[in-house]
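First the structure, in the form of structure tokens, and then the observations on it.
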């Protein structure tokens, strides 16, 4: 396994908007992943609002924030956008990001965010 085929993934969280009572938690401080492997990044949340949206962003070393995917609380199916998909489980209050066939360009800080 060469170093060039490893990805470094770091997770963080943020929230958007005034909100009623919300909390976002990402428990994985960082990980190394073999290129072409699938990666799952955990995000759990707590909110008292029945209507909300969950977002995932990535921030590569260049610094810009890049929007990846959105899931609305009333959406019937898990969101999918290219190699990115969400494993959204409303009852468990989780919205885990799945990156299929990881690439070196996926090395970044990842942010889970919520808007009520």
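Heads up, the Cβ atoms here are built off N, Cα and C, so glycines get one too.
Annotated features, as they stand in Swiss-Prot:
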DISULFID  43-112  disulfide bond
DOMAIN    22-116  domain 'Ig-like'
CARBOHYD  78  N-linked glycosylation site
SIGNAL    1-21  signal peptide
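Location within the structure of each feature annotated in Swiss-Prot.
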{"residue": "43", "record": "disulfide bond", "DSSP class": "coil"}
{"residue": "78", "record": "N-linked glycosylation site", "DSSP class": "coil"}
{"residue": "112", "record": "disulfide bond", "DSSP class": "strand"}
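Rounded to the nearest whole angstrom, the C-alpha distance between residue 43 (disulfide bond) and residue 78 (N-linked glycosylation site) is 14. Cα-Cα distance from residue 112 (disulfide bond) to residue 78 (N-linked glycosylation site): 15 Å (rounded to the nearest whole number).
Cβ neighbours within 10 Å of residue 43 (disulfide bond), excluding its own Cβ and spanning all shown chains: 27. Of all Cβ atoms in the shown protein chains, 15 besides its own fall within 10 Å of the Cβ of residue 78 (N-linked glycosylation site). Residue 112 (disulfide bond) is surrounded by 26 other CB atoms, counting those within 10 A of its CB over all protein chains shown.
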